[in-house]
């Protein structure tokens, strides 16, 4: 009798544990084949509401076929293929980007708060790296046909130190990974981050902080 009671209690605790784990950590499976994003809807949910009438165009995007223009300050351009460009990605948990780099071009230090990133080199070669929370730089030079992974949320970068253009395709495990460029986040935020915060954080004077902020200010 005692043995049965112990077995019953063990089964009960195991069941409760499984329910708790499922409730806290598991992503629910889709309850329909697709949920194409209604980008015009004013309803706010974690993702986008589903639209009623769908077509093949909701699952198609040609924007990664051609190199992006890199004649800008950093000499690089990111062309995103996320749910905002491909509504059919809604609820599917994946997206891509193409990143093009001029010779000397940089995709400056940034993070993706909602996704891990994996890049595949299409052309050229890149010096890439990420920084761990222990402040350790993990870096490597990658060339055509090679891949590199940037873990979710960690600061990372890519730099083309070659004499020719470079390009990668990036894959993400989120329909909308989000991007925070470190320099722009700190020096171009609106309302602005107070100068005294930045002078203390970077151990520089107010003059230097304001000079950097002026370089990130919108061009008239």
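The backbone N, Cα and C atoms fix where each Cβ goes, glycine too.
Not measured: the values here are computed from a predicted model.
Feature list (source: TrEMBL):
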| type | residues | note |
| --- | --- | --- |
| SIGNAL | 1-26 | signal peptide |
| DISULFID | 35-50 | disulfide bond |
| DOMAIN | 62-210 | domain 'Cupin type-1' |
| BINDING | 110, 112, 117, 156 | Mn(2+) binding site |
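Cβ proximity to the Mn(2+) site centre (mean Cβ of 110, 112, 117, 156, cutoff 8 Å) flags the following additional same-chain residues: 111, 130, 150, 154, 155, 177, 179. Annotation: 35 carries the greatest number of neighbouring Cβ atoms among the disulfide-bonded residues 35, 50 [cut-off 10 Å, Cβ to Cβ]. Counting only same-chain residues six or more apart in sequence, the Cβ atoms lying under 8 angstroms from the Cβ of residue 156 (Mn(2+) binding site) belong to 109, 110, 111, 117, 128, 129, 130, 131, 150. Among the listed binding-site residues, namely 110, 112, the Cβ with the most fellow Cβ atoms inside 10 Å is that of 112. Taking only the Cα positions, the spacing between residue 112 (Mn(2+) binding site) and residue 35 (disulfide bond) is 24 angstrom.
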